[in-house]
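Here is the structure we will look at, set down as structure tokens.
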Amino acid sequence: MILLLGNLLLFLVALAAAPRLGWLWQALFPGISRPVWDSQSWFALLAEHLMLALGATLIAALIGLSAAILATRPAGRALRPLLDSMFSLAQAVPPIAAIALALPLMGFGAAPTLLALVLYAALPVMRSAVAGLDAVPAAVLDAARGTGMGPGRILAQIELPLALPVIQAGLRVALVLAIATTAVGAVAGARCLGTPIVTGLANGNLSWVLQGAVFTAWLAVIADQALRLGLDPERRRSNGRLAPAR
Amino acid sequence: MEPQPVAVLHATERREASAAPREATAVAVLTALAALAPFLLGFLSVAPNRLLSPRLVPLPVTTATTLCLGLFLVACLAVMLLARRAPLLNWAEAAAALALCSLVAVIGLAAREALQGASPVARAAPAAGLWVAMLLLALAAGCCAAGRSGTPRNFMALSVLGLAVLWAAGALADLSLAREAMARGGEIRLAFWQHLALAGGALFLALAVALPLSLLALRRSRVEALLMAVANGFQVIPSIALFGLLMGPLAALAAWAPALRGWGIGGIGPAPAVLGISTYLLLPLASAFLAGLRVASPAVIDAARGQGLTEGAILRQLRLPLGLGVMAGGVRVAAVQAIGLATLAALIGGGGLGALVFQGIGQLATDLILLGVLPVVALSLLADGGCAALQAALERRR
């Protein structure tokens, strides 16, 4: 916890200090005339990055959770093969391809990135929620039915609480994935911490690339660190990360 | 990717209801939607030139288009009917491939018809209906395969074959995608081989690092902890940031030792891309190698030691043959990831199919984006299918 807070504080200080460190960037990249990134404030980029990632995770959580609940009901059994096949198809399409395909339909900006983020973040949520709901012992459900509980109450009071740890693990994966993938969205014009990387690459300004890359990577590390805090020690080591798509 | 429990689940449920597999409903709904999609969303759109936005046109009615359209609808119906019997699911997959190819043929022929008499700069592109139908058919085929191995191998192989035949017969030549591909033939071929080289090089590099380290980690738990910590740590860093971080040091290295430039090592180019991609492959490879090497149970290993086998012989005769299937599974995940990650290499001047994608993004040219994305998707599906087949063969041999 202290480690995380320290890291976060250091990150924020570094964000505030970056535009004032002209001498450092100048020394590292002597050939570049404008080594300091000053087109946008780093905090504005951070805020947009987080809003995009959190918003996408929220939508993805709603979609993934409702799909998982549907697929684990007796009536929704037919949905299972579809979820499996969607999952394996999505593995074959890298997020940058999904963003690029959405671009002509939705135009430059945050929209194509948001769509791709929702699609990719919904999958781990769905997977883990299905696994969690499946793992609820049949005997428990029988006992609940025996006491006269209806299907709605069983879901709300028995199944979801029992599946919660697994669902939470899926949500964590989704959020880390979203924070990492948002950076790629800069290619399609989404404003985020990846923007200096893409702008720098386009202008041959390695100093901007380095600054953007450091902060993007740093944020991802902090997010991962924060989300591991809630995990129990056993999980924390083996972490239940699903095959990462990037 | 945890296929085992899912597969077990499928097997048991399949036994319960052997008549209509549980895939049937999903396949039927998806295929029905696929059959409707072109009628609802349009078959073909035509633009007076490359820059003006395309407009939907009605499907030209000729004998050829009607025949192909009929074939498409019959094939869709066949998918729905065949999927009702578990043993026929493979054939349902084949029918889905037939449906896909006949729909593409309809649109290719319609494009030729629509462009007859039009100016040579006019462009005919498939409307949203084709793309939606293709996606739905692929998902339906995936559902058919969900009970087996998860990858619709038959569907993929037959679709690729069918599309190749259509291409060779010239049925697709009038689509704007094909025209763009013809105009950029050399560029696309170069990008394709560059992409393969990037992904293959990264996979090779990662294998060369992961294999010896896994063998070492098998004996020393401290090496294992370190290897897994490093491999896990890299996974957290977004690829675009890692590529960016590698550029500076490699540029400095090349400046310090200019001879390295001759080897293609520098801040911009394939070197940081290959290095970056391979770091992400460490985790799937190392964890699968370690798991594979541990498939042979300690009791069996002890017995072998008791018989006087050397550690080398145990590795060659027990650990490797028994764990080969699991290890191939890791290579499968890594190969698919490498192909996807190589798309970003173009950002740092590494070339590959991503170069077409980014050029397309810059010009907002859908055809160009598709020319980059479609081969990437095809490559990763092929790599996944190929590795899955290899894995199955290795596990059967055991």
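Cβ coordinates come from backbone N, Cα and C, glycine included.
Quick look at what TrEMBL annotates:
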type	residues	note
TRANSMEM	B:24-47	transmembrane segment
TRANSMEM	B:59-82	transmembrane segment
TRANSMEM	B:94-112	transmembrane segment
TRANSMEM	B:124-143	transmembrane segment
TRANSMEM	B:155-173	transmembrane segment
DOMAIN	B:192-387	domain 'ABC transmembrane type-1'
TRANSMEM	B:193-218	transmembrane segment
TRANSMEM	B:230-257	transmembrane segment
TRANSMEM	B:322-348	transmembrane segment
TRANSMEM	B:368-394	transmembrane segment
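Distant neighbours of the transmembrane segment (B:94-112): 31, 34-35, 38, 43-44, 59-60, 62, 64-65, 68-69, 71-72, 75-76, 78-79, 82, 124, 126, 130, 133-134, 137-138, 140-141, 144, 152, 154-159, 162-163, 165-166, 171-175; these residues of the same chain sit at least 6 beyond its ends, with a Cβ under 8 Å from one of its Cβ atoms. The transmembrane segment (B:124-143) makes contact with the transmembrane segment (B:24-47): 3 or more of their CB pairs lie within 8 A, with pairs spaced 6 or more apart in sequence. Sequence-distant contacts of the transmembrane segment (B:230-257) (same chain, at least 6 residues past either end, Cβ-Cβ under 8 Å): 265-268, 271-273, 275-277, 279-280, 282-283, 286-287, 341, 344-345, 347-348. Sequence-distant neighbours of the transmembrane segment (B:24-47) (same chain, 6+ residues past either end, Cβ-Cβ under 8 Å): 53-57, 59, 72-73, 76-77, 79-80, 83-84, 92, 96, 99, 103, 106-107, 110-111, 114-115, 118, 122-130, 132-133, 136-137, 139-140, 143-144, 176. Outside the transmembrane segment (B:193-218) by six or more residues, the chain places 224, 227, 270, 273-275, 277-279, 281-282, 285-286, 289-290, 293-294, 315, 331, 334-335, 338-339, 341-343, 345, 350-355, 375-376, 379 with a CB less than 8 A from a CB of the stretch. When Cβ-Cβ distances below 8 Å are used as the criterion, the transmembrane segment (B:59-82) is approached by residues 27-28, 31-32, 34-35, 43-44, 88-89, 91-92, 95-96, 98-99, 102-103, 105-106, 109-110, 113-114, 137, 140 of the same chain, each at least six residues removed from its ends.
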